[in-house]
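To start, the structure itself, in structure tokens.
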Amino acid sequence: MDPELADAALRTDVYELTMMQGFWASGRSSDAASYELFFRRTPEHGGYAVAAGIDDVVTMLTSMSFSGEHIEYLRSIRLFREDFLSYLSKLRFQGDVRAVPEGTVVFPNQPILEVTGSLLEAQWVETLLLNCVNFQTLIATKASRMVEAAKPSTVVEFGLRRAQGPNGGLWASKASYLAGCVGTSNVEAGYRFGIPVFGTHAHSWIMSFPTEREAFDAYAKTFPDQSTFLIDTYDTLGQGLSNAIAVSKELARKGHQTRGIRLDSGDLAALSKACRAELDRAGLSDVKIVASSDIDEYSITEFKRQSAPIDIYGVGTRLATAYQEPALGGVYKMTALYQGTDWEPKMKISSTPGKSTLPGRKQIWRARREGQFVGDVLALAQENPPFDVLEEERNGTEFEPLLKDTIAKGERVEEPTAIEAVRDRVADQVASLPKEHRRLADPTPYRVELSHRLKAYRDELFEKLA
Ligand SMILES: Nc1ncnc2c1ncn2[C@@H]1O[C@H](COP(=O)(O)OP(=O)(O)OP(=O)(O)O)[C@@H](O)[C@H]1O
Ligand SMILES: O=P(O)(O)OC[C@H]1O[C@H](OP(=O)(O)OP(=O)(O)O)[C@H](O)[C@@H]1O
Ligand SMILES: O=C(O)c1cccnc1
């Protein structure tokens, strides 16, 4: 198992543990509750998000337990009763989880994941699942925006060195790959997840030789079929480009093929045009142009507008840190409580518009017509497909329930999906979302409706509580 996922029992806020002791001490350890994870707003006012981190949550929930050392530590902070610590040492997550499949395109206020189990267990897992799904969804969404902007060019993720710590770097590489990046520079991510790794070389390589030409020659000698020359250390369109062309021609004479050149400063659009023209003139049309340096989906759009012939974008900081909006505000809220014999709906009422929650266990029904998503309906879990809500869409429309059983009584329902299959799913999901919801500027909001029963349920409970 991935070491990041192996030891998650303490990946929680201490208030979860104090509440757990409270439930336990008041004899409520086995009272059941249902919670759902959702976010209220897509990052950067985008039209969609790509759900990620779900499979990792399933792995953590089905394997986590408090070790002897964990219990020792909890004892040392003098908050917990000895008999409660003994209870914790045997605790396993035994609840149920329903979730959208990893890589599903999702929208605000939809339950991405639902936990149903004892109050105590559902509280235990809150923080770790928010930590995992919020970050990976944030990065998968950011990566998807960049990959969409770059098409038909491709995006390689270069973020590890400026990511938020080693775990931030690792999960960013994974989320970026499943959202459509073609690879990463992060060797640990390659090792852990089987993601293709790519790389060029640094300015320091050039600077370590007396001349740029010697640096290129030495690299070409070591990697005759794998070289991408960084040409901007001294004079991009002067010696940089001509050295790269000379070395590439020599490689070609010996039956080898230079992969590319990399531009890392200056006007990347103008430079890429000049480089493309010179490379083509030299018979090196197969040599690709890689651009890097603070690139994001906005500058990629700008490069495209300027018809920059950039084949590959190397994107680091702004992807791995989701630079413009570095957190997804996903939350975990109680929707129902099992009281004696029946489920009782729960909702939080807020004076802030949009912050009240929707009560009850739910299902998301996604309508597709001719392969394209036309809208979603949030319904109560036990409802039949709410065809009546998207009435005008009914002809030829297929409704698919998005929340699937992923954990049943603490056991994984299905093996995790291979990363390549998740990547294919993301590609299919994003392609199924009509273009107007995908554009960066003022995307048309995707249609998400409530079923009549869910609306009535909410209004009734609101009347009762307000
Ligand atoms: N033609 C272009 N259109 C839009 N953005 C561009 C274009 N060319 C470069 N950029 C972006 O402009 C910024 C250039 O920043 P800046 O001038 O600070 O750095 P630089 O050219 O990389 O030089 P240095 O590496 O010396 O800091 C980068 O974010 C780059 O991606
Ligand atoms: O700009 P980002 O999107 O984060 O992409 C990664 C950046 O990291 C490297 O620069 P760095 O200055 O760290 O090393 P270098 O000396 O090899 O250029 C690389 O040259 C890119 O500019
Ligand atoms: O391989 C590269 O070119 C690379 C890797 C990490 C960061 N910047 C560039």
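Note that Cβ sites are derived from N, Cα and C of the backbone, with glycine treated the same way.
From a predicted model like this one, the values you see are computed outputs, not experimental measurements.
TrEMBL annotations:
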type	residues	note
DOMAIN	10-134	domain 'Nicotinate phosphoribosyltransferase N-terminal'
DOMAIN	156-353	domain 'Nicotinate/nicotinamide phosphoribosyltransferase'
DOMAIN	361-455	domain 'Nicotinate phosphoribosyltransferase C-terminal'
Model confidence over the domain 'Nicotinate/nicotinamide phosphoribosyltransferase' (156-353), averaged pLDDT: 97
Secondary structure content, the domain 'Nicotinate phosphoribosyltransferase N-terminal' (10-134) (per DSSP, counts of residues): 55 helix, 21 strand, 49 coil
Residues in the domain 'Nicotinate phosphoribosyltransferase C-terminal' (361-455) grouped by DSSP into helix, strand and remaining coil: 24 helix, 32 strand, 39 coil
